[in-house]
Amino acid sequence: MSSRLSGLLDRAAGKRVLCIGDVMLDRFIYGVVDRISPEAPVPVLRHSREASMPGGAANVARNLASLGLEPVLIGACGDDDAGRELLSIFDQDLSLSVRLVTAKGRPTTLKCRFVAGGHQLLRVDTENVAPVSEATEEELIGILSREAPGSAAILISDYAKGLLTDRLLKAVTKLAADLNIPLIADPKGRDFARYGAVDILKPNAFELSAAVHRSISTDEEAALALREALDTLPAKAIIVTRAARGISYIGQDGNVHHEAGRAREVFDVSGAGDTSLAALATAIAGGGTLSDAVHLAIAASGIAVGKAGTATVSAEEIKAALSVAGPVGRAGLLPMDAMIGQVERWRAAGLKIGFTNGCFDILHPGHIRVIEQARAHCDRLVVGLNSDNSVKRLKGPLRPINNEQARADVLSALSAVDGVIIFDTDTPLDAIAALNPDVLVKGGDYTRESIVGADIVEARGGEIVIVPLVAGHSTTAIIARSETGK
């Protein structure tokens, strides 16, 4: 299966896919909470940094680009600060073709999340969910008609923010049918019939439950709900995402299948549905079956939920995750060339890149402290891991205790780690020079002058962070205690 899915990713590369839907700006305000307000029983967030990125249908398009396809994003934004910020982000991202209509008098949908310690404290939404004007509909239909020919798939990403009117949905459905283009819809609300004869309808469990007025907690209940929905809808197939329970789906043959998710510690579910939608389209664009599409979506979303913010997933990450069986996977371990490309995509999205390194032979609280502190100073954290040969040269012939693959697997499973690379040199200097992180973090009694790569990072305006050691915790001490029993 893994080689088949990897082949689909390769065949889908460069294919043109249209994505139409509600475009929004996702803003994350990060800080620290260490006291309660004297004015009211609410936490006080001490602001540290902010990050903004395209969300909704725009995040679907970003995921398509990250997976190697050529997306065309079609939607609308307002003539306001949030809309201008979105357009500015798009101007810097050459992987997307953006066709946005400016809806006069209508705000750009903005979701502002306040985050501390990896947890969302509050979300503030700015939006107008009324249907867009007839003039906006006309512009969008015209764009669709011009852009659709030659596309490998069309995606509908509905967040119920007013863009996907009944008229626009009918136009999309007719266009896809006339041009024989696969049509995939991520619906919102209870009325699934309004999406017409789509090839794949992808609700989540809550949406499907509301549409059929039936609980779907178990596989049996999910099967009943899927059969009932398919019997009453013109859709050819329905896929329901069920969070930790994985995905259940039904095709035209009426058979229901259940696929377990790829277990991984969940850090943030923001945008995971967008990632799975993009993966479905990628599989279809690559000539895959419904089953292929489901398995690729599971692999992609399993990686996405292990990342903070509205995250994208690359083809290289999926291939790495597919290459190893088991619950941990290797979604974070990439060859250096692939990691350089991933870092470039993160940076193009306006994300702050952090780097730390070490042998991480036997993971202990001191390691965890450094990694968590490193992640607190950036949006995406890459960990450089000394290879087995490098550890032997530095620590002696009896080290490492755990080989590089085992150490990489453990690091990749941590929610604070977004990527892992293995370097064979004695220092990470070459890796730092190649990745150009914005933040370089080191644990221990270091000075700025003694940290390898500090000059490279500071030369491009980056930050150096030194995390104090946790007393009594080191791999050497753990090994000594195991030998003496003390």
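Indices start at 1 and increase along the chain as displayed.
Glycine too: its Cβ is placed from the backbone N, Cα and C atoms.
Annotated active site per Swiss-Prot: D274, in sequence order. Under the heading ATP binding site, Swiss-Prot lists N204, A205, F206, E207, citing sequence analysis as support. The region 'Ribokinase' annotation in Swiss-Prot covers 1-329. As annotated by Swiss-Prot, region 'Cytidylyltransferase' applies to 355-486.
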Integer Cα-Cα distance in angstrom, A205 (ATP binding site) to the residue listed as 'active site': 15
Across every protein chain in view, the count of C-beta atoms other than its own within 10 A of the C-beta of N204 (ATP binding site) is 18
Same chain, |i - j| six or more, Cβ under 8 Å of E207 (ATP binding site); the result in sequence order is P187, K188, G189, R190
I'd like the number of other C-beta atoms within 10 A of the C-beta of A205 (ATP binding site), please. 20
Over all shown protein chains, what is the count of other CB atoms within 10 A of the CB belonging to F206 (ATP binding site)? 13
Could you give the Cα-Cα distance between F206 (ATP binding site) and the residue listed as 'active site', in whole Å? 16
